[in-house]
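Look at Swiss-Prot and you will find 1-45, 123-130, 185-189, 234-359, 406-413, 435-444 tagged as topological domain 'Cytoplasmic'. Residues annotated as transmembrane segment in Swiss-Prot: 46-66, 102-122, 131-151, 164-184, 190-210, 213-233, 360-380, 385-405. The annotation topological domain 'Lumenal' is assigned in Swiss-Prot to 67-101, 152-163, 381-384. The active site annotation in Swiss-Prot covers ASP226, ASP364, and the record cites similarity to another entry as its basis. Here Swiss-Prot flags 275-331 as region 'Disordered'. According to Swiss-Prot, the compositional bias 'Polar residues' annotation covers 282-300, 315-329. The intramembrane segment annotation in Swiss-Prot covers 414-434 and is backed by sequence analysis.
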Amino acid sequence: MPSTRRQQEGGGADAETHTVYGTNLITNRNSQEDENVVEEAELKYGASHVIHLFVPVSLCMALVVFTMNTITFYSQNNGRHLLYTPFVRETDSIVEKGLMSLGNALVMLCVVVLMTVLLIVFYKYKFYKLIHGWLIVSSFLLLFLFTTIYVQEVLKSFDVSPSALLVLFGLGNYGVLGMMCIHWKGPLRLQQFYLITMSALMALVFIKYLPEWTVWFVLFVISVWDLVAVLTPKGPLRYLVETAQERNEPIFPALIYSSGVIYPYVLVTAVENTTDPREPTSSDSNTSTAFPGEASCSSETPKRPKVKRIPQKVQIESNTTASTTQNSGVRVERELAAERPTVQDANFHRHEEEERGVKLGLGDFIFYSVLLGKASSYFDWNTTIACYVAILIGLCFTLVLLAVFKRALPALPISIFSGLIFYFCTRWIITPFVTQVSQKCLLY
């Protein structure tokens, strides 16, 4: 009898050893499969959000190009200029034009720096109501005043004369709905629509009221400032991002377009490193850990908690001892507990999906559109298409760098510098070359 009992115990130990070994093999195989799924999800997530960002940028630029080619009001200057472009004297000297344009660009840059620093100071000392009031006034002017001017010029260009009451009613509803969607609550698509139209209107204002050469200098110096403000250790926009992450809060509305949701953060393409405010409960902490808030680019795709999944099919044979039965029961409980978080994790993943996305500042929308709109004002489609392609290539390259470095990066420099190079090369080299070749009947 003792020998029989020892044989049974030895057989039970061997069986348990084989079970644990088989479980480890299954677990390793499942972990490898999970890693492959995560990598595939990262690629799909990144590609989808790049497309979701290209579409609104293209729509904003298309609206500006369409307006520049159909409404003469925005393509003609009429001698009016912005207050912060004081050097507008007429001259034929290229050197004087260049110096005056550079002076105007530097004055405008000083205004941008001053407003940025003022915004940082308000945010640092938590003057949130003052900041929101400032942004609400800006949105109000864009949605009511500038939209009214735009609609008026559109009606003039297409020779349409509706009732004044009808126009006022429509513009009033449009403005009120926009204020609600941007600063309060509203459907996602409607929020995105209003942010795109606001960016296009602001770009049209810059194109109309900035002097001819000043536009190009402004684009250059603003791109350089974007580099300094984001990448330097004491840069204001970098400080803004870090402060917001420390406080674990969004900054302000009406500043950011997100490919996932309108979730205001910064004036640059940024990576969010904030942790999720929901803490795991004690029951969940045994099987999974709460994962941090996701980045706003494809390089930080959310990773589901790795849970060891063991098949629930556990056979308890009649000749096993009571201890073996007890161990099997414990194993079943652990398996069921490991399976439970998947439902909660799925809901949490859906919640995170609503708040993630590649975030691009409205300033980037505006200056992309300024570049393309100014290029289209000369009615040269070769130059316009070249600038459009350059902007998208630069934006795509910026997103690649964002995924590699996983930190806030400026979205203007690469796209704007590429657009400027493509513009001048196409306008001064390629277009004259193609024209001459066509005139010589060498190209059909």
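Any Cβ shown, glycine's included, is placed from N, Cα and C.
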Between the Cα atoms of ASP364 (active site) and ASP226 (active site), find the distance and write it as a whole number of Å.
10
Select the range from 46-66, 190-210, 213-233 that forms the most Cβ-Cβ pairs under 8 Å with the transmembrane segment (385-405).
46-66
Which stretch, 46-66, 102-122, 164-184, 360-380, tops the Cβ pairs under 8 Å count with the transmembrane segment (213-233)?
102-122
Cβ packing number for ASP226 (active site), 10 Å threshold:
25
Any chance you could find the range in 131-151, 190-210, 360-380 with the most Cβ pairs under 8 Å to the transmembrane segment (164-184)?
131-151
Closest-packing stretch to the transmembrane segment (46-66), where packing means Cβ pairs under 8 Å, from 102-122, 131-151, 190-210, 360-380:
360-380
For ASP364 (active site), list the number of other Cβ atoms lying within 10 Å of its Cβ atom.
26
Can you tell me how the residues of the topological domain 'Cytoplasmic' (123-130) break down into helix, strand and coil by DSSP?
5 helix, 0 strand, 3 coil
